[in-house]
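Features as listed in Swiss-Prot:
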type	residues	note
BINDING	110, 113, 120, 211	Zn(2+) 1 binding site
BINDING	147, 150	Zn(2+) 2 binding site
COMPBIAS	245-263	compositional bias 'Pro residues'
DISULFID	44-265	disulfide bond
DISULFID	187-235	disulfide bond
DISULFID	216-223	disulfide bond
SIGNAL	1-19	signal peptide
């Protein structure tokens, strides 16, 4: 996992330097009623909407990458969440990657974000709106200590817990991925109101942002939902297992070959990519 802001920014920069995928050649949404197709890590979208690039409650980062498209449900979720944050005077929500105009596989940085139902949101809430140069080259705030087991106390705030909780309490949200150390801090902060913690899942990296995932929309018949998270708040043995050293003799997982596209997504590529 990355341990510094510099490393986080290097990861973002490297994603843009890799060879383009066919999906990046589709520069506008595919016309039609909104349909998320396939799985979050192997799919596409018809009828995506562009998130308006600025609103009173949020700003969109790295707009030059054109990753601000998603299912209308995702656009509406971002607007709901940012309105809540704005009305509470918590600051400005910083929106990172959503998806490309037709969804599909990125050239780097993400395995998912393919069906228009995922969004990355920075875990910082500036009181002063960022300038255009700050938005194009955002400074990620690494909240995780160098030991990987705790958050940095001077960087953590109750507002970050509240931001994640507001997102988790939205009925359209099924999962929120954060670093295990961030999940652990949320468990400590939560008090007796813990039902929302079930949706917050520990995952690699995610030291400066949360990755929010929505459920498959009712009208998207070819969309594949994940199984629900396990029962409970996820603050027990499962979470602690993330902090254990690797078992002797364990080897890193082998990178898998991407599976074939869903037929409907392959048909979109065949029709729209020369």
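Start at 1 and count along the chain as shown; that gives each residue its number.
Including glycine, each Cβ sits where the backbone N, Cα and C put it.
Sequence features, as recorded in Swiss-Prot, placed on the structure.
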| residue | record | CB count, 10 Å |
| --- | --- | --- |
| 44 | disulfide bond | 30 |
| 113 | Zn(2+) 1 binding site | 27 |
| 120 | Zn(2+) 1 binding site | 21 |
| 147 | Zn(2+) 2 binding site | 9 |
| 150 | Zn(2+) 2 binding site | 17 |
| 187 | disulfide bond | 16 |
| 211 | Zn(2+) 1 binding site | 21 |
| 223 | disulfide bond | 23 |
| 235 | disulfide bond | 18 |
| 265 | disulfide bond | 25 |
Residue 216 (disulfide bond) to residue 113 (Zn(2+) 1 binding site): how many Å between their Cα atoms?
13
Please give me the CB contact count at 10 A for residue 110 (Zn(2+) 1 binding site), counting all chains in the structure.
18
Within 10 Å of residue 44 (disulfide bond) (Cα to Cα), which of the binding-site residues 110, 147, 150 do you find?
none
Residue 150 (Zn(2+) 2 binding site): which of the disulfide-bonded residues 187, 223, 235 is the nearest Cα neighbour?
187
If H, G and I count as helix, E and B as strand, and all else as coil, what does DSSP give for residue 44 (disulfide bond)?
strand
So how many other Cβ atoms are close to residue 216 (disulfide bond), meaning within 10 Å of its Cβ?
21
Which three-state DSSP class does residue 120 (Zn(2+) 1 binding site) fall into?
strand
Restricting the comparison to the binding-site residues 110, 113, 120, 147, 211, which residue's C-alpha is spatially nearest the C-alpha of residue 265 (disulfide bond)?
113
